[in-house]
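Peer 1: The feature active site, proton acceptor is assigned by Swiss-Prot to E112. The feature N-linked glycosylation site is assigned by Swiss-Prot to N119, N150, N203, N349, N402, N489. The annotation active site, proton donor is assigned in Swiss-Prot to K212 on the grounds of sequence analysis. Marked as active site, nucleophile by Swiss-Prot on the basis of sequence analysis: C245.
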Amino acid sequence: MAHAHIQGGRRAKSRFVVCIMSGARSKLALFLCGCYVVALGAHTGEESVADHHEAEYYVAAVYEHPSILSLNPLALISRQEALELMNQNLDIYEQQVMTAAQKDVQIIVFPEDGIHGFNFTRTSIYPFLDFMPSPQVVRWNPCLEPHRFNDTEVLQRLSCMAIRGDMFLVANLGTKEPCHSSDPRCPKDGRYQFNTNVVFSNNGTLVDRYRKHNLYFEAAFDVPLKVDLITFDTPFAGRFGIFTCFDILFFDPAIRVLRDYKVKHVVYPTAWMNQLPLLAAIEIQKAFAVAFGINVLAANVHHPVLGMTGSGIHTPLESFWYHDMENPKSHLIIAQVAKNPVGLIGAENATGETDPSHSKFLKILSGDPYCEKDAQEVHCDEATKWNVNAPPTFHSEMMYDNFTLVPVWGKEGYLHVCSNGLCCYLLYERPTLSKELYALGVFDGLHTVHGTYYIQVCALVRCGGLGFDTCGQEITEATGIFEFHLWGNFSTSYIFPLFLTSGMTLEVPDQLGWENDHYFLRKSRLSSGLVTAALYGRLYERD
């Protein structure tokens, strides 16, 4: 279901929506990008405008696109036939640019694979590829200089759109670059083929290009010899970073660009297949914005039958997003975005009175003598109803990983569960008990399905049913309300806070940060039932 959510208001029913989340703070998770094929028609979408009146903002747009796909991506076709298909998608792009221009949009982002589609072989994608000169070497305006290079029709159209809309434009396409046999890495067919993002300024100049580094089962494309660490400057918001889809889970280029170039804004074309409970598209987008205190402009393709939906304009404190697994329509999101994003309140700069639950949390962390630690519970002088018996530990598969979990029973309690070196802790209270099973899970190890990467995860999840073996299943609805602290002794500083409530709603934590060498997330007053609250740590050096 898709719906709108505005802090302080009631949920409004809407057939197609952008979910608007305003508020003190926000965070979320991560995911896998993939591609399969299905023929879907073209739709031009609705658009949502989020209105804010900050002095220092710019207007951004992201477009979730139900791309018109090749009916047979394995077939060998002519360049002309390939252009006919791509021009159908580009016609829709142009309509979105003109709609955005009427709203004074200054930058628009289109999704990965939105122009050419997916599931090609190296040979069958060739007619879809544009020649790509290096913007570092050649200054070029494709719209004004269309005959300078052959096989650049897609680049020309995108350049002209940027001019017509008077906006920066970010899009993704397949590109080719010839190589010489003297190059030991040159493929046998004499060319490199790249999954490429391009950036045009509002005057149509090709500002830069980024070639995807972390391919996700994309046999049609090559990995660049060196990682493209690409940033571009704008007159309206300063410096932006750029990367694509699966890149978000790896150090290069995503983390390195943020660390080395001090960017406050990221443009992020993606073709992301949702996988709950931890890796939905809007989860990772939001988590990235919160973890680094930046703005993320994320555009996904829209193919619900493939599990592909979820785009958004995310700041650390609010999100304007779209997720709809039922409707085939596209969606244009437009929002005003702060030039200087404000981050969440961390442990080190929190002010005001500490609430009782936080005092309890701090006592437990400090090993306060008023608290006696047992295997699974803590008895503090003011706590009367902790879990008397330690709940059983069990194992269940979540996201293809073997999690160790404990059930979350009762209206209040303190639990912990450990695996390898990671221990996860939960201090919670519930106003009422729901007829649902929740569990606290831990995983510390190498994830090896659909990519290989080392993760440390502490997760509070609603299980699919009442049996322990249902914990880790994909669910989107829940009624359980919690006030809680979730924390763990992570051995990485790269921790992404995942927070999802009923109906694919992005939730805002009250506080995040380090306390006594443990990273914690605190939340009270959920807006709807809890689906997932997790801390997703990445140990890049152990990949």
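We count from 1, first residue shown onward.
Using N, Cα and C of the backbone, Cβ positions are placed for all residues, glycine too.
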Peer 1: Under DSSP, is N203 (N-linked glycosylation site) helix, strand or coil?
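Peer 2: It is coil.
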Peer 1: Between the glycosylation sites N150, N402, whose Cβ has more other Cβ atoms within 10 Å than any of the rest?
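Peer 2: Compared across N150, N402, the most Cβ atoms within 10 Å surround N402.
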Peer 1: Within 10 Å of its Cβ, which one of these glycosylation sites (N119, N203, N489) has the largest number of other Cβ atoms?
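Peer 2: Per the Cβ count, the most surrounded site is N119.
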Peer 1: So if I draw a 10 Å sphere around the Cβ of K212 (active site, proton donor), how many other Cβ atoms end up inside it?
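Peer 2: K212 (active site, proton donor): 26 neighbouring Cβ atoms within 10 Å.
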Peer 1: Near the residue listed as 'active site, proton donor', which of the recorded positions N150, N203, C245, N402 can be found within 10 Å, Cα to Cα?
Peer 2: C245
Peer 1: Sort the glycosylation sites N119, N150, N402 by C-alpha distance from N489 (N-linked glycosylation site) and give me just the closest.
Peer 2: N402
Peer 1: Does DSSP put C245 (active site, nucleophile) in a helix, in a strand, or in coil?
Peer 2: helix
Peer 1: For N150 (N-linked glycosylation site) and N203 (N-linked glycosylation site), determine the Cα separation and express it in whole Å.
Peer 2: 21
